[in-house]
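A quick write-up on the structure given underneath.
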Amino acid sequence: MEVELSTMRTRPPHPGLSGEAASVNPTSAASDDTSTRQGRKSMEILENVPTASLHSHPDDVPATAIPALTAASRLKARIQFATLCWTLFLAGWNDGTTGPLLQRIQNVYHVGFALVSMIFIANCIGFITGAVLNVWLTDRFGFGTVRSLAQVAGYVMEAPAPPFPVFVLGYALNGFGVALQDAGANGFVASLKDNAATKMGVLHAVYGAGAFCAPLVATQFSQLSRWSFHFLASLGIAVLNTILMIAVFRFRSQDECLTEIGQPPSHEESSTADNRGSKYQQMFRLRSLHLLALFALLYVGVEVTIGGWIVTYIQRLRGGGPDSGYISSGFFGGLMIGRVGLLWANHMIGERRAVFLYALVAIGLELVVWLVPSLLGGALAVSFVGVLLGPIYPLVMNHAGRVLPPWLLTGSVGWIAGFGQAGSAVFPFMTGALASKAGIKSLQPLLVSMMGFMVFLWALVPNAPRRIE
């Protein structure tokens, strides 16, 4: 009580307070001149205090001002989150595009399975580069600059159907941009303190929505003479994404953007980080980080391999026609539904056990696609595989927030997301290389083995945080 009273005596009253509120400070009644001087001084101080600071310390402002500040912060938080959702929609659109166009690309450029898979290798180079440079670029350039412009440049190169080497280079630029975008969005949402788990699920459900919509459009373009104009639609989404990122985040750092919505960074965490070396040194000493990154690599590899090659598999081995591209939409649509529709199951089962359960049942369904020669049955099974795989990635990101040090969370989640995106290039390339030797029938054995290894890796991931040595 003595501390509270001394604080009241030393802090000038807000000039907007009157009546009983003003009488709390015993020195305010000493003289009218003193009160006036204090009021003017308080007004000058308040005019120079940022809104986020007032929101972070509600005791420093009158109670009537707090609801307005809270409403403004919540609105800004919603706008930031919606912008990041659009970024993930673009990432999903990008991943859902290749499958329906893959056979057309082979026909236009007269390349086989192995050579067409060079687009995945170029993508992989872009992903790995983006994952490595993410922390450095974000610390220096903030949100929404290099990352979004790289995707714009990639689509500009791909839209006119240039010679195959240039087309492949467009995929490299695109991969670089996607890795940075994915890393930034996941790192930002993982750092939120307001319902981060649900927001992570919604964020990746929007990714599923983008991946669901892209094959619907790409399948139509694959049957047109100007098939590459599909990338003009992608370019429009990417340009809008760039505009939104610049308008909302305005080249600021993540800490500045979080402070704007009333979540200031922890100075204790910052000082702890400074005493343990650079972010890169600390991150790469974490065993759990490497296990989570490898798991993400496999997961994204499975996801994009199914979405990218299942159309060719159905057409070659199950007698599917040109409309088989819609099966890819069914898979990504299931992915979107699972990420939101199974939120209740994640809480009921427990997030760690849910990953085991979903992966094992998905393996069983993938065996149905492999062993049952039915076009309709395979299409339905692929959609349900999407439903079950959908929640796994957000759950992994939520788990990272629990087992990784808070001051390294953004960079670590960025590395997991960026390195994981490399799986969307490595494993589709492996599929193409195997298909050139053994045929597209090798797709299902590869997928089942990858999903089995995912289960093994998840068993090795720690369930509790560990200290950095």
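For all residues, glycine too, the Cβ spot is worked out from N, Cα and C.
Note that TrEMBL annotation is computational and uncurated.
The following features are taken from TrEMBL:
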type     : residues : note
COMPBIAS : 24-37    : compositional bias 'Polar residues'
REGION   : 1-39     : region 'Disordered'
TRANSMEM : 113-137  : transmembrane segment
TRANSMEM : 201-221  : transmembrane segment
TRANSMEM : 227-249  : transmembrane segment
TRANSMEM : 289-314  : transmembrane segment
TRANSMEM : 326-345  : transmembrane segment
TRANSMEM : 354-372  : transmembrane segment
TRANSMEM : 378-396  : transmembrane segment
TRANSMEM : 408-430  : transmembrane segment
TRANSMEM : 442-461  : transmembrane segment
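Long-range contacts of the transmembrane segment (201-221) within the same chain: residues 81, 84-86, 88-97, 99-101, 185-186, 189, 227-230, 233, 307, 311, 322-323, 325-326, 328-329, 332-333, 335-340, 343, 346, 386, 390-391, 393-394, each at least 6 residues beyond the stretch ends and with a Cβ under 8 Å from a Cβ of the stretch. Residues 342, 345-346, 378, 381-382, 384-385, 388-389, 391-392, 395-396, 444-445, 447-448, 451-452, 454-455, 458-459 of the same chain lie 6 or more positions beyond the ends of the transmembrane segment (354-372) yet place their CB under 8 Å from a CB of it. Across 289-314, 378-396, 442-461, the stretch most heavily in contact with the transmembrane segment (326-345), judged by Cβ pairs under 8 Å, is 378-396.
With a cut-off of 8 Å between Cβ atoms, the residues of this chain six or more beyond the transmembrane segment (289-314) that come close are 95-96, 98-100, 102-103, 211, 215, 283, 320, 324-325, 327-328, 331-332, 335, 375, 378-379, 382, 385-386, 389, 392-393, 396, 399-400, 403-404, 412, 415-417, 419-424, 426-428, 431-432, 435, 440, 443-444, 446-447, 450-451, 453-454, 457-458, 460-462.
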